[in-house]
Amino acid sequence: MVHVNIFDTTLRDGEQSPGVNLNQLEKLEIARQLEKFGVDIMEAGFPASSQGDFEAVRAIARSIKNSSVTGLARATKSDIDIAWDALKDAAEPRLHVFLATSPIHMKYKLFKTPEEVIQTSVDMVSYAKQRFPHIEWSAEDASRSDLDFLVKIITKVIDAGATVINLPDTVGYATPAEYGYMFRYIRENVPNIHKASLSCHCHDDLGLAVANTLAAIENGVTQVEGTINGIGERAGNASLEEVAVALNIRKDKFPYTTNLVLKEIKRTSDLVSRFTGMIVPGNKAVVGKNAFAHESGIHQDGVLKNTLTYEIITPEMVGIQSNDLVLGKHSGRHAFKDKIENMGFTLSAEKLQEAFTAFKQLTDRKKEVTDEDLFTILTDIQTAVADIKKYELVAFQVHYGSANLPTATVALNTPEGVRVETARTGSGSVEALMNTLEALIKEEIHLTDYKLNSVGQGRDALAEVHVKMTVDGTQVSGRGSAQDVLEASAKAFLNTVNRVLFNTKAVAQAQAELAQA
Ligand code: KIV
Ligand code: ZN
């Protein structure tokens, strides 16, 4: 059977989803989970795009041992140098360098002739080859490029040392037949194609990303790129969990192997959804809440008689456990530790203590603590940044009545350690609270989005709030959870502002390190 390598770009193309910005600890947690999921290659970011991205790629490269770590670079020497600095400590460093090849991109974006595009690609692959053992070269907008031009440029970049040739459907324009044909044409016409492997990379603008990916595999591609939950630029990328399950369920059509551990799908999807704030739609294939729910009487009857009637994927296959052991007031430290290890969390002794305290506090208010509650508490604790000076909520009060003007009073500790307090009104209780927080914070804030969800079911469910805002002109998103909606809102607001302080500190630290080096 042919082996297909899985290249995950959740932390690069996925992070390009509008409004998503992950901090370094969240990226590291996702990277560790991707390693458990069994991806062969993970694209950890675009090191030259910002100091924060550089730092995150470097931290991931140093920590991941069982997957190859790569970073994106434009076809310039400085991008390649920066990528090398970020990736050189990886177990298997790899560069992903790209340049557009379609007439539209070459003429209107790059202002380069086709010959110049060939020369730049060859020069940059040769330059990168001096350091990187593995080089992927991508022809951006390949699916709208001239096939014979692709043959010419691919032949030359392989001669220059590229080991993987990626042909993206950058704007999600191709149909499966067209996309598959492009790979067949390249395989049949590039004379040195046996020296490199072919990779596909699909966007979902026409809802065809997964179908196009499967068509590419049928036409000789041995590397598939995509993201968890299909997040990404515009309509997103091919959803890796969908590709993985399709390859498994339709082995009759796709006799290929991957290193993926399908049981890790649910946890990987949950982690990405929670950290990015991109909620998985209920009807999403494989990981949506309704993906295994049978609603109509006829379907329920069929499934009761024999699950094969309507169920092609089992929840167990993708790691959805039906026998969740629920913890409660009387559960002790031992049961708690067992449970969270089972859920895939490894916490330091200090964080474990913090998590146990938070769990006990929750059991005072909630009879049964579910896996979803624990997942929320644990991911927050796991990625909380301890040693920064930040805004801390001391207390708040909100007055709301249908006949009154909603008013909030808030007391905060500022990053400088000063306690400040004030009150403001708003047209609703959440707005009054946000107005008050905004008045106490010295950074300039514009709230652009607010989303409220419940964690699991039941009237005592935890509330989870995701917000997006600009803080001193920087776009940032954050989250907060609590049993009360207003408390979750205040936490989300402060979590978002504190992220900017954390990022600023990480950048300052990195600059100091670079200056010393
Ligand atoms: O979609 C695309 O073309 C990309 C490239 C940078 C590979 O993401
Ligand atoms: Zn892309």
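For all residues, glycine too, the Cβ spot is worked out from N, Cα and C.
Taken verbatim from TrEMBL:
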BINDING   ASP13, HIS201, HIS203, ASN237  Mn(2+) binding site
DOMAIN    4-266  domain 'Pyruvate carboxyltransferase'
REGION    392-517  region 'Regulatory domain'
Conformational class of ASN237 (Mn(2+) binding site) under the three-state DSSP mapping: strand
Most Cβ neighbours inside 10 Å, all chains, among the binding-site residues HIS201, HIS203: HIS201
Residue among the binding-site residues ASP13, ASN237 whose Cβ has the most other Cβ atoms within 10 Å: ASN237
Residues close to Mn(2+) site centre defined by ASP13, HIS201, HIS203, ASN237, Cβ within 8 Å: THR9, PRO168, THR170, CYS202, ALA209, GLU225, GLY226, THR227, GLY232, GLU233, GLY236, ALA238
DSSP three-state assignment for HIS203 (Mn(2+) binding site): strand
ASP13 (Mn(2+) binding site) - helix vs strand vs coil (DSSP): coil
For the region 'Regulatory domain' (392-517), the number of residues DSSP places in helix, strand and coil: 44 helix, 52 strand, 30 coil
Stretch-averaged pLDDT - the domain 'Pyruvate carboxyltransferase' (4-266): 97
